[in-house]
Amino acid sequence: MSKLSNSGNESKNTLYCSFCGKSQHEVRKLIAGPTVFICDECVELCMDIIREENKSSGIKARDGVPTPQEIITVLDDYVIGQQHAKRVLSVAVHNHYKRLAHQSKSNDIELAKSNILLVGPTGCGKTYLAQTLARIIDVPFTMADATTLTEAGYVGEDVENIILKLLQAADYNVERAQRGIVYIDEVDKISRKADNPSITRDVSGEGVQQALLKIMEGTIASVPPQGGRKHPQQEFLQVDTTNILFICGGAFAGLERIISGRGEKTSIGFSATVKAPDERCVGEIFRDLEPEDLIKFGLIPEFIGRLPIVATLEDLDVNALVQILSKPKNALVKQYQRLFEMENVELAFHEDALRVIAKKAIERKTGARGLRSIMEKILLETMFELPALEGVQKVVISSDVVDGKAHPLYIYSERTEDKENVSA
């Protein structure tokens, strides 16, 4: 009788997998949840199903590459102007992901990767274009600042850290990361410090260019999972950079002088010819850009060779900046109007006020990037006072307010006036 009772107690204490029904003695591991149990075999089966689904979804994404027209239509919703740069980028990105979609289908011709160089004045939309592109294609995207990079073994960020950031953006999914986009900003700051090779090692300029060559062309990068410096006891993640699209961008201050002065014959004395200064704006001069100009600026020929597609961006004029303020889906005016809506107040700008804001941004030579700081300065006092005021229905900003000659116009609701009349 006692033997039967013992066996009964054992069966009561035995735990079973809620999915396959196997007992804890039949499997290696049983994981407990709040009210359920799952065995290691069911976990492995689930992982296999998820892997297969990820592969199939990846194939679908590869087959559904957006056309250049579709890409440029979405870019137009967010980025004002820069039509030439948009065309170059949309065609380049379409061809890149089309190449990835069909590389496994045909083995006769191997299509090479074409990385992109964006050249344009500060605040003209280089970084924003790259961010919007990654959002359209729905691939992992990361940004890196070239000024923080140093050659391996020196204080600063290793080049491999760029791939680590991309891996983190892909939630450590190596397959997704290997199809991502990397944007390297301020690439003009890693130019060679002098035309002549120096005895001392240039670890943050030419050294970084040399370090970027292999990952931009395609190599197996060993990435430490936690980031930072490598050490022998650490396990590495292997990431193939062959199919990662690299977009480099920079303002290249002073490059316009190199382009304008190309082919000039210098002479001195009474017979010297004085050439009139180039009165074109920076964006127009950049259209005549040649690889030799970039070499003279300080980029090494091997680095330029890894960036076969060059897209130049134009200066933003007053009309373009006014459109940037009001037209895109996430325009600055719309952002501040939403902030004021949270206080149940309508915010309105006169057209001439927006033009004055645009002119101020051009005077500061900060492009579209300077618009936010100007808007903050104009609306600071209003945003400070508004939460404490009652009955304000609308705030109107005129050109005099932007110039500092007047205060914003507050329009109060009729309810407060009615209350005053009743009390009287």
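Cβ coordinates are placed from backbone N, Cα and C, and glycine is handled just like the others.
Features as listed in Swiss-Prot:
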BINDING   C17, C20, C39, C42  Zn(2+) binding site
BINDING   P121, T122, G123, C124, G125, K126, T127, Y128  ATP binding site
DOMAIN    5-58  domain 'ClpX-type ZB'
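Everything Swiss-Prot records as a feature, shown here on the structure.
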| residue | record | CB count, 10 Å |
| --- | --- | --- |
| C17 | Zn(2+) binding site | 21 |
| C39 | Zn(2+) binding site | 24 |
| C42 | Zn(2+) binding site | 18 |
| P121 | ATP binding site | 21 |
| T122 | ATP binding site | 15 |
| G123 | ATP binding site | 22 |
| C124 | ATP binding site | 28 |
| G125 | ATP binding site | 28 |
| K126 | ATP binding site | 25 |
| T127 | ATP binding site | 17 |
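Each residue in S18, F19, G21, K22, V27, L30, F37, I38, D40, E41, V43 lies on the same chain as C17, C20, C39, C42 and has a C-beta within 8 Å of the C-beta centroid of that Zn(2+) site, without being one of the site residues.
Model confidence over the domain 'ClpX-type ZB' (5-58) is summarised by a mean pLDDT of 77. Between the alpha carbons (Cα) of C42 (Zn(2+) binding site) and G125 (ATP binding site) lies a span of roughly 50 Å. In this structure, the CA atom of C39 (Zn(2+) binding site) is 57 Å away from the CA atom of T122 (ATP binding site). In this structure the alpha carbons, written CA, of C20 (Zn(2+) binding site) and Y128 (ATP binding site) are 51 Å apart. Looking only at other Cβ atoms within 10 Å, the busiest spot among the binding-site residues C20, Y128 turns out to be Y128. Same-chain neighbours of the ATP site beyond P121, T122, G123, C124, G125, K126, T127, Y128, judged by a C-beta within 8 angstroms of the site's C-beta center, are, in sequence order, G120, G249, A251, L313, G367, A368, R369. K126 (ATP binding site) falls within a helical segment according to DSSP.
In the three-state DSSP reading, C39 (Zn(2+) binding site) counts as strand. According to its DSSP assignment, C17 (Zn(2+) binding site) is coil. C17 (Zn(2+) binding site) has Y128 as its nearest neighbour among the binding-site residues T122, G125, Y128, going by CA to CA distance.
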